[in-house]
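Feature annotations, reproduced from TrEMBL:
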TRANSMEM  67-86  transmembrane segment
TRANSMEM  98-120  transmembrane segment
TRANSMEM  126-147  transmembrane segment
TRANSMEM  159-179  transmembrane segment
TRANSMEM  191-214  transmembrane segment
TRANSMEM  226-248  transmembrane segment
TRANSMEM  254-274  transmembrane segment
TRANSMEM  286-308  transmembrane segment
């Protein structure tokens, strides 16, 4: 419980730092877009590739294949629920992309990996990395399409451009290196590791810089925002818990716990990074990261307590 709370508080401190720097004009909020591009195209691919460099284990690879299939079903179901929610609550066109994105994806990178490590050790990290790999493939393809839908953007989003991103290429290369147990020269491996290590902190600072453009009271404004927060942190996790309990003993407990944790995590920082990159609904993206991260301080410990119990 304490480890979960500490991880969430760490998130908040980094977001607060970015917001403080932006409010005091120590760092211009105009830098958020450029930093977002740097994260998406340089540091995040390094993080993804580096996370997959570990000792080969056939049994672990088998479990990885299992959670890969479960993850695909999970994300497909989450997207379907998001589409239904958009219609049920008559969400305005300019907000629909954020609704779909927040319903579909969670912060299983920065928050998910350390929590998986604390709960399940290295096996948990590997399995969470697989769900994170699928999420990255979807976030920077379907997710980009969601967050730019309804906006006139100068960059044409072809299927080729959405799939052949630096992050998706890093996923494929990382998997090839893992299966073949190839190693990069130490200097290159260390450079990639150092680049990847700054992704989490820098991502949260970008979220904070995006929030610095908003009035603090505006963060808590909007009834629909709380509906979306409840959908992300309460409805989807409880539905996942019900499905996992139905599966019962037929499902590996570490796989089940990893899926439950994925379902209960807040909105990923990519909601802010992508909206900044394409100049779409940055305000709502930042608000949802703030609200879901704030309330997950309560919901995640309760959810995992119920799931592990």
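Every residue, even glycine, has its Cβ placed from backbone N, Cα and C.
Of the candidate ranges 126-147, 159-179, 226-248, 286-308, 126-147 has the most C-beta pairs within less than 8 angstroms of the transmembrane segment (67-86). Counting same-chain residues at least six beyond the ends of the transmembrane segment (126-147), those with a Cβ under 8 angstroms from any Cβ of the stretch are 40, 44, 48, 51-52, 54, 60, 63-64, 67-68, 71-72, 74-75, 79, 96-98, 100-101, 104-106, 108-109, 112-113, 116, 120, 157, 159, 162-163, 165, 167-168, 171, 174-175, 254-255, 258-259, 261-262, 268, 270-271, 274-275, 278, 280-281, 285. For the transmembrane segment (226-248), the residues of the chain that approach it from at least six positions outside its boundaries are 74, 78, 81-82, 85, 89, 98-99, 102-103, 106, 256, 259-260, 263-264, 266-267, 288, 291-292, 295-296, 299, 303, 306-307, judged by C-beta separation under 8 angstroms.
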